[in-house]
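Undergrad: From TrEMBL, for reference:
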type	residues	note
ACT_SITE	His224	active site, proton donor/acceptor
ACT_SITE	Cys240	active site, nucleophile
COMPBIAS	356-374	compositional bias 'Polar residues'
DOMAIN	131-264	domain 'L,D-TPase catalytic'
REGION	33-59	region 'Disordered'
REGION	335-374	region 'Disordered'
SIGNAL	1-27	signal peptide
Amino acid sequence: MAISRVLTAGLTASLLLAGTALMPAMAAERAAEGSQAGQGSVVRADESETGASGKDSRARSPVWALKGDLAGNLQVVTTRYEDTFAELGNRLSLGYLELVKANPGVDPWLPGDGNRITLPRQYVLPESRREGIVINLAEYRLYYFRDGGVQVFPVGVGTEENPSPITDAKVTMGLESPAWYPPASIRAEFDARGEYLPRMIPPGPENPLGTHALVLSEEGYLIHGTNKGFGVGMQVSHGCFRMYNQDISRFVHEVAKGTPVQVVHQPVKIGMHEGEVWLEVHRAKEEYPSEEKERLWEQVSEQLARFTDSVKGLEIQRQAVEMAVDQADGIPRRIGEKVTQVASRTEPAKPESATPGVNRSGATQTESAPQQWF
């Protein structure tokens, strides 16, 4: 499927396809990286297992075996004196923000020499069809379901002013060395700041689309590389999805035309793995305002109530749930298990209310409909 020129107009980008469209349906090489839940591996931050050269996306982003609703495993790297979280993220295919949240109390710009840094590579899978590409805006991650496994990449997404769409789309073509034609809305933003933006930015190091791109059927939206790697894994774009150039340059060759692309927003994810219940909660930014925490408590309570209603015989640990919400760091936590036998009671205990901010410290609460997930 070779084309010479295409013009795509929309909210986020207009582009000229300079060169050859890239869309072979290549057989994927599998990384046999199945993991034990909750176990982590320890490597040096410069070791090849995690792709320190940044040139092999098979090492940068392993294909994790699917085992229930949980994939991957937490890893730990030992830093070098020159490391920063921005550099580690670029080198290891992780977002800056997910590294910050997974390592509270560590200076992201001066983590120090010989310190152990958690790599958040364990995931409760989003609630979606497990096929093709799934982008979860709330965690700034792209899931690529392939060959019975899943590959996970960090992505930059739209800001609150220019949000990425929640959509069900498809990949229409792949691009190498795309030129960028900024739409009128972006040119107007530059004009308002007194900055000049050309009508066309050619391929090269100054091109915001990076080295490669995937065009989506959602008009004007792309999955593309970037000339600003720091924004990967954050809210930074005008709606498109930014990947590291080292990732998109390989990814574009592996994704076939017609691959489904589901874009969802799920800050709370609950799943089962080998009879255990796992919860993953994401706050939006480094800061964690009380209003957001209350909102996440409501979502967790509602989703746990639905989950325990659909999966019978679960025993949920309240303290583990509280820790997951209080941290909201994107680290999956085991919060319960499926019990094979429940002791008989003459009268079942009334569960505590899961209303956010109520009775978490023993304060008197008002009567309300009981939550059923304890």
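Note that Cβ sites are derived from N, Cα and C of the backbone, with glycine treated the same way.
Because TrEMBL annotations are produced automatically, they should be read as predictions rather than curated entries.
Since we're looking at a predicted model, the values are computed, not measured.
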Undergrad: Mean pLDDT for the domain 'L,D-TPase catalytic' (131-264), as a whole number?
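TA: Overall, the domain 'L,D-TPase catalytic' (131-264) comes to a mean pLDDT of 90.
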Undergrad: Measuring Cα to Cα, how far is Cys240 (active site, nucleophile) from the residue listed as 'active site, proton donor/acceptor' in Å?
TA: 8
Undergrad: Within 10 Å of the Cβ of the residue listed as 'active site, nucleophile', how many other Cβ atoms can be counted across all chains shown?
TA: 26
Undergrad: Should His224 (active site, proton donor/acceptor) be counted as helix, strand, or coil on the basis of DSSP?
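TA: The residue in question, His224 (active site, proton donor/acceptor), is strand (DSSP, three-state).
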Undergrad: For a quick check of packing: other C-beta atoms within 10 Å of the C-beta of His224 (active site, proton donor/acceptor), how many?
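TA: Counting Cβ neighbours of His224 (active site, proton donor/acceptor) within 10 Å gives 29.
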Undergrad: For Cys240 (active site, nucleophile), what is the secondary structure by DSSP, using just helix, strand and coil?
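TA: Once the DSSP labels are grouped into three classes, Cys240 (active site, nucleophile) ends up as coil.
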